[in-house]
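Only one structure is covered here, and it is reproduced in the block below.
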Amino acid sequence: MTTPYLFEDSESFARKLDAEDALRGYRDAFHFPPGPDGKPVVYLAGNSLGLQPRNAARYIQEELEDWARLGVEGHHHGRHPWLHYHELVTEHAARLVGAKPLEVVVMNTLSVNLHLMMVSFYRPTKQRFKILVEAGAFPSDQYAVASQVRFHGYDAREAVLELKPREGEETLRTEDILETIERHGHEVALVMLGSVNYLTGQAFDLAAITKAAHAKGCFVGFDLAHGAGNLRLSLHDDGPDFAVWCSYKYLNAGPGALGGVFVHERHAHTKDLPRFEGWWGHDKQTRFQMGPTFSALPGAEGWQLSNPPIFQLAALRASLELFDQAGMAALRAKSERLTGYLEFLLDRLPEGFVRITTPRDVKQRGAQLSLRFRGEPQGLLKRLGDAGIICDFRKPDIIRAAPAPLYNSFTDVYRFVKTLEGHARE
């Protein structure tokens, strides 16, 4: 246990922490599903699908009304003209990931954006053709990387280089990542890692990895699916070439929601960087002249293909406004304390009942703790559900619990662990 807080194992202490929480009011900005008893559930699955912001339905309804009232004229008129609607979330998203607005665009979904970024930043040569990834990355990332390698005529078994934990360990050591880059960097075209591993909950040192990879001449990209809205990110300063993320997890924009893209400012005006092109990435001043020659917008917007879905943007806007109001510094501070309290309580359960596989160092994790339990985990998951507690299961034997600082409370964490304790003592 490495958290610097003094905690107590009592419901009164959990309620005291909630009363002192400056962010507690944001909980009321979300809809909580009812549990079996009709009361709001303890929802610890924001790392899988975030809760619905109360403003989401209103924002979507506004656009439905403008569509009914204006038809095609809604692109230029209405409360929020659709032609520029995506720009309403650009600055919010940029602050969220520590970037400049020029470097960020909201579009598509994560796997689509990852492919678009690899078109530009995976440029294999005979000597430098490998992609460095983490073993056990989210499957869609694995599929995308392997298919890009095959598209360029290489065998994925030779061109995909995996980072694996040491024998007997479950997470990667930063020094091992950096040593692998130093040893193999001359043959690596792209370093492509997650910011937080979806299964272990381990967060990586983006700045150190980027610096090491750039020193060896590699492009660098990150999947922020479990980082955006969870970690305090500094993409511009850390300097990766690109990053992609989804917004249905910690960003609470709904199932299948739009993703985001970061392209570093140094590439903003690079005309000869290959990319797939579409009309929405064309210069706004001449887009509707419908000319035959593509002229890319500067920055991340130049990678857009199509005009974005307005209703999805409306849902995302409802959530990003809350993040902007709360601020990632305050949210991350609460998150460290909230997950630290979860860790403290789990450590007090009967010995051998549960093992935390996520790093104990708060700098190497976000909100999520990945848990391995003695016995069959899916039965325990059902018991939690029957008690009005929602977390999720990942094969082979991991239950993930992720208290989200925007809407979870210390009492939520206490109730979760006390339910586990009842199961452990039976």
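Placed from the backbone N, Cα and C atoms, the Cβ positions cover glycine too.
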Legend entry - Co-listed pyridoxal 5'-phosphate-binding residue [Swiss-Prot; alongside Leu110, Ser111, Phe138, Pro139, Ser140, Asp141, Asp223, His226, Trp279, Asn307] among Tyr154, Tyr248, Tyr341: Tyr248
Inset, instruction - Could you tell me which of these binding-site residues, Phe138, Tyr248, has the greatest number of Cβ atoms within 10 Å of its own Cβ? - result: Tyr248
Legend entry - Protein Cβ atoms within 10 Å of Asp223 (pyridoxal 5'-phosphate binding site), excluding its own: 29
Inset, instruction - Round to a whole number and give the Cα-to-Cα distance in Å for the pair Phe138 (pyridoxal 5'-phosphate binding site) and Lys249 (N6-(pyridoxal phosphate)lysine). - result: 14
Inset, instruction - Specify the count of other C-beta atoms within 10 Å of the C-beta of Ser140 (pyridoxal 5'-phosphate binding site). - result: 15
Legend entry - In three-state DSSP terms, the structure that Leu110 (pyridoxal 5'-phosphate binding site) belongs to: helix
